[in-house]
């Protein structure tokens, strides 16, 4: 069997629990080890914080009150108790507020905080020391005049400061600080009352700072803000130290249930900061009250909701939307929360005059109605384009029909006029050829009439001489006339077939073209 090595047990105490006595004992050594940077020290001297200034002012006020009280009353002071459990007992040393030390912070943060507070604490102790010396001198002069002097005066005279100071200006903590029983360090009941009032004021300020986030952003109605403003304007006596944001006198006091009607739920506004509301009280109060009274009806209709009356069948949804939008914009313009862009976008009919909005109470329940302008319907661009396109289409149809009928007429004319197979005539050439054909027909008719007359004369004579006369007539006549006469004699009627006539016209046409070219 192999022997297992026993591992040593290590106990680690990771809990860091510094106690108050340890830190109090090391505070003097920490101040010696840490050197305050000169730049940081000068910055603290030149730019004190607002809290330090307020604390110094409170200390000066308390010291002045204490000096006045000591001059007026010369009484026997009660001895100082050996221990000071309360923070009010430290007021005799000029320290009205104790520093809250976080004892659960690490060591490096303890060093940094002690170094930062060293400069301020030294300044406070110097001021307190100077004031305390003046108090001791006044007390010594008063006590020398009295016959009986307590034993504590001798100790105070021997040590005018009443306590020892170290090299850094810090008061050294020792048992003598608590055992000294001088008349100057004793507390009167009036002084304790003043200190208690200051502590209560500080507690109220802390509570107000915690509740300010919730109070400032509570949604309230316009009526509630107006009621709070009237209450704020009432004469009240408050001390100068009380904060204006006191929770006991809040600007957002809610009204009773009887005053919160249904029509008020439509007019929610988020309240601004109390400072801005206080500045606008005198300007907005009368306008808001007058505008709200204009929307309320008489005594018999207190519970009547004018906004819900629009839900009836008398008004349409668009009317309700327009009226609600006009009322909301009017409320925002009176309350000072309207935007310039919204006012510019609104039409003058929606805004109206101030008198028309504020004098709406005379209407006794008649809601604000936007007048509708019924204009003539203008044709849209699409309708105009459609009409134009229809007209264009009809014109094109008529043009095609006209062209088609003209082409049909020329085709019929070309069929009547004798043409050659090689002819590719245009419309103008077709018309010219038609005129020439008409001229040819006129000549044929005139020559045929003469030949017919001669033929009739020859028929009355015997056949042989008639035949001889006919042969001489044919020889005398040219080609077309001779053929025409022969045809007429053969048929016995003056009718020429179209084929023969076209052939004759073709021959005549070619002869005319040849003569024209020669010329």
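Residue numbers in this text run from 1 along the chain shown.
Even glycines carry a Cβ here, placed using N, Cα and C.
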Of 53-77, 78-102, 103-127, the range Swiss-Prot labels region 'Disordered': 53-77
Where Swiss-Prot places region 'Disordered' among the ranges 301-321, 322-342, 343-363: 301-321
Matching range for Swiss-Prot feature annotation, region 'Disordered', among 27-52, 131-156, 157-182: 131-156
Residues flagged as region 'Disordered' in Swiss-Prot, choosing from 236-257, 258-279, 368-389, 390-411: 368-389
